[in-house]
Every structure is written in C-alpha cells, then in structure tokens.
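Report on the structure given below.
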Amino acid sequence: MTIQWFPGHMAKANRELKENLGKIDVVIELVDARLPQASRNPMLNETAAGKPRVIAMMKTDLADPEVTKAWHAFFEERGETVVNVNAKHGKGLKDLLNTAVEVGKQTQARLIEKGVSPRAPRAMVIGVPNVGKSTLINQLINKKTANIGDTPGVTRQQQWLKVNQNLDLLDTPGILWPKFEYEDVGNKLALVKAIKEERFIAQDVALFLINILKERYPELLKDRYKLDEIPEDGVELFEAIGLKRGCLIRKGDVDFEKAAGVVLTDFRNEKLGKISLETPNDWKERLTEESEA
Ligand code: G4P
C-alpha cells in the first residue's frame, strides 16, 4: 500500500509558510538523520527558492554515525550548509545557531545595502512532524513550553520566538507534502512516526524495515532476536522474529501484527542499535534525474 497523509491543517500551514517567507533571512530545514533526504520537503525547493538554507540533521544519536558522515559530505558537496544536532541532549545547538546567524546576516547585509534598517536575522524552522522541532526550539529559547510529544501532526500555529539579540525564529507546525514521490519515502516517514499510525499498515512498514535491516544490519538483527542465520526472504525473516518473540496466534502460527509492533518499537526505542534507513547512494540517481528533468 502506498502511504499518503496530507491533512487540511498541513495544507494551511504550507500556505502560511509561503506567505511568511518574504520576512525570512534564512530557513532552518530540520531533517531526521536516519532519513536525511526522505525527510526533506520537496516543495521547499519551489516555495523557498533563492532563500538561504541551513540543514539541521536531527536525532543524530539514533542514526548510524558512518552513514551520517557520508550524508554530511554529500550535502556539502551539493553546496548545502549542514549541521548535526542532537536536541534531546543539547548537542550541536551552538553550531546551528551560529551558522543560522551567519547565513542570515549575509541576507541582511544585502537588505541593509538597499537601505533597510538593520535588525536581528530572522529564521524560519521547518520540518516533518516528530523530527524534534519542539525539543530543539525549547532548548534554543531555554524554555519548557508546549507540545513535545510523539503524536504526528498536532496542529500548532506559527509563532515568532526570540532566541537572543542575534536571532528571531519563526516556528511552524510539522508539515508533510501532498504526494510522496517514491514509495519508500512514506514507509520511512511512517517508521520515524512522522505519519499517524492510523494512516499505514504496521505489518507493511515493519516488513519494509526488516528488508533494510537484512541488507544493511544483519548482525544487529541476529543479536537482538537471537537468530543463528538470516533467511534470504524478508517474510521468512519476519516470521522467524515473530517465533523468537513468542508472537503467536496459536502454536506455530505467527501473529504478524504483534510481531510488527515488536519490530517497530525496537527500532524506535533504539533497541536494535543505531540505524540509518538510507544512504546518499540510494538517492544519487534520483536526484540527478530530478535535476535534469
Ligand atoms: P516535533 O516538535 O518535531 O513534532 O518533535 P518533538 O520535539 O515533539 O520530538 C518528538 C520525539 O522525539 C520526542 O520523544 C522527543 O523527545 C524526541 N527527540 C527530539 N529530539 C531528539 C534527539 O535529538 N534524539 C532523540 N533520541 N530523540 C529526540 P517522545 O516520543 O515524546 O518521548 P520522550 O523521549 O520525550 O520520552
């Protein structure tokens, strides 16, 4: 099943985002380090065209460090500015702030040349639901305010926040886009809870994850589920995990729904280890095709 989820409040948030871009000096684009490209909003290339951007790779503590390094290099090669952040543990915040202020100042300098009075640069923070935006913003403004949680798509209004004399922030609600251009994007976003549980079939998403783990992290699977070997076939592997975990409908018959819950919870709670769902190589061809189109 292809996953899609674009509720009305996100369409509205997208419109508001567009309206406010004129007031912004820099866009801080939050991406999940486990799926750095799949969690980027492709609409931004159009809506924020020409606006300087800083990519903040969020939740780096959950991703495979080697793959995160590769993503960092990949984005930089493409001329993007990227900063690694682990908001939960307050890492990378200074770097992100300094970078955003620096980039924002460059836009400001151009405005000042045109006669606009100097002011603190303004940054807009955008990202998919559950990327860690509230956690980050609360850290930046040193406050424990609203809405940290893992219910994707909790509607919030745009709001201006003062970080310090050097930077004003426009917080925006977590948004997705109307159509996921590739099937794996929906699955990956579902895995990291950017999509409401009711909008996807847990077994499908768990099988998608199992296939990635089978290819890239077989040792982690063996360790976690005490498997001697990894079956070639993803469904057989799913079944083997269910059997090991005692997820049974009746003797010998695996309850796949229950097994899916186990695998998804293990992934999300870091019980499987640090996992990246994609590498730059998975995207190189796609991005080249897109830029040539
Ligand atoms: P959002 O505003 O973008 O929707 O995300 P929010 O900050 O609400 O964060 C969503 C979940 O991600 C929260 O967990 C939060 O703690 C967690 N989180 C945020 N940043 C990081 C990070 O850098 N690393 C890790 N590992 N987790 C992060 P939660 O499910 O509500 O549970 P809890 O962890 O707060 O108990």
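Cβ coordinates come from backbone N, Cα and C, glycine included.
Annotated features, as they stand in TrEMBL:
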{"type": "BINDING", "residues": "Asn130, Val131, Gly132, Lys133, Ser134, Thr135, Gly174", "note": "GTP binding site"}
{"type": "DOMAIN", "residues": "123-218", "note": "domain 'G'"}
Given that the record lists Asn130, Val131, Gly132, Lys133, Ser134, Thr135, Gly174 as binding GTP, what is the largest C-alpha to C-alpha distance among them, in Å?
13
Model confidence over the domain 'G' (123-218) (mean pLDDT, whole number):
86
Among Asn130, Thr135, which are binding-site residues, the residue with the most C-beta atoms within 10 angstroms of its C-beta
Asn130
Check the DSSP secondary structure of Ser134 (GTP binding site), expressed as helix, strand or coil.
helix
Tally every other Cβ atom lying within 10 Å of the Cβ atom of Val131 (GTP binding site).
28
Return the residue, from the listed binding-site residues Lys133, Ser134, with the maximum count of other C-beta atoms within 10 angstroms of its C-beta.
Lys133
Counts by DSSP class (helix H/G/I, strand E/B, coil) across the domain 'G' (123-218):
36 helix, 16 strand, 44 coil
